[in-house]
Ligand code: PGA
């Protein structure tokens, strides 16, 4: 795993947007997996700025979703499909036809989850998957004790995650209890994993994921199994890491032609 410590969230967003731009330059129809939540917003803002400046062509890019709430009506503003349309596709000018996501309103959720896994494989696999990390160490909605080999499936949210996400709804009661999430095994199939964590609230989860043992109790520790995983943290999210000097020195020695 490569750990990159950046001064702040905006710098993390710019760095990751640059890596996505490099990917799309080499592979214009790359499949980019996006994450929801507050953390990745600086990435999407930096990407949109590149598109507006004419520095990035996303006309052939394809986008896919990491997870989705179960049971919200189609078009609900907080369904992750709506969030990705609003925060990623519209600002970048990418058509919905280039977007893959699981159907959280399907009558057969298990079948919808399996179908989504298959659609990712049929699309040639995910080239770069963006990830956030929960305060409980989850990636996607793979809550603690998710199988490290899990496929896309239905999961029950922990109370902590529902409380963390209640800010997007009018009340905690409105936060769904169930989700469809790419499994950890599914996530590990992406060719490059890029996790962004910002703020002190994430510092403990980051330290456990990066420097703790591989454990289903900390799903993000599964990144230790991936040959090309990058963890970008701001100074606040890096405060519990022990090897910060080594991580800074390693990144400083990276060849200038490669951003991540
Ligand atoms: P956040 O969510 O970016 O809103 O903190 C991250 C996550 O739960 O994966």
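Here the Cβ of each residue, glycine as well, is placed from N, Cα and C on the backbone.
Going by TrEMBL, these are the annotated features:
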type	residues	note
DOMAIN	10-224	domain 'Glucosamine/galactosamine-6-phosphate isomerase'
ACT_SITE	67	active site, proton acceptor
ACT_SITE	136	active site, for ring-opening step
ACT_SITE	138	active site, proton acceptor
ACT_SITE	143	active site, for ring-opening step
SITE	146	site 'Part of the allosteric site'
SITE	153	site 'Part of the allosteric site'
SITE	155	site 'Part of the allosteric site'
SITE	156	site 'Part of the allosteric site'
Integer Å distance between the CA atoms belonging to residue 155 (site 'Part of the allosteric site') and residue 143 (active site, for ring-opening step): 8
Largest tally of Cβ atoms lying within 10 Å of a Cβ, found at which of the recorded positions 138, 153: 138
Residues that sit under 8 angstroms from residue 136 (active site, for ring-opening step) by C-beta distance, when 6+ apart in the chain: 143, 144, 158, 160, 161, 205
Which same-chain residues, if any, lie at least 6 apart from residue 67 (active site, proton acceptor) yet have Cβ under 8 Å of it: 36, 80, 102, 140, 141, 179, 180, 181, 182
Rounded distance in angstrom between the Cα atoms of residue 146 (site 'Part of the allosteric site') and residue 155 (site 'Part of the allosteric site'): 9
Recorded sites listed as 146, 156, least Cβ neighbours within 10 Å: 156
Three-class DSSP secondary structure - residue 156 (site 'Part of the allosteric site'): strand
Helix, strand or coil at residue 67 (active site, proton acceptor) [DSSP, three-state]: strand
Distant-in-sequence Cβ neighbours of residue 155 (site 'Part of the allosteric site'), under 8 Å, six or more positions away: 141, 142, 143, 146, 178, 179, 180, 181
Number of Cβ atoms other than its own within 10 Å, given for residue 143 (active site, for ring-opening step): 21
Averaged pLDDT score, the domain 'Glucosamine/galactosamine-6-phosphate isomerase' (10-224): 97
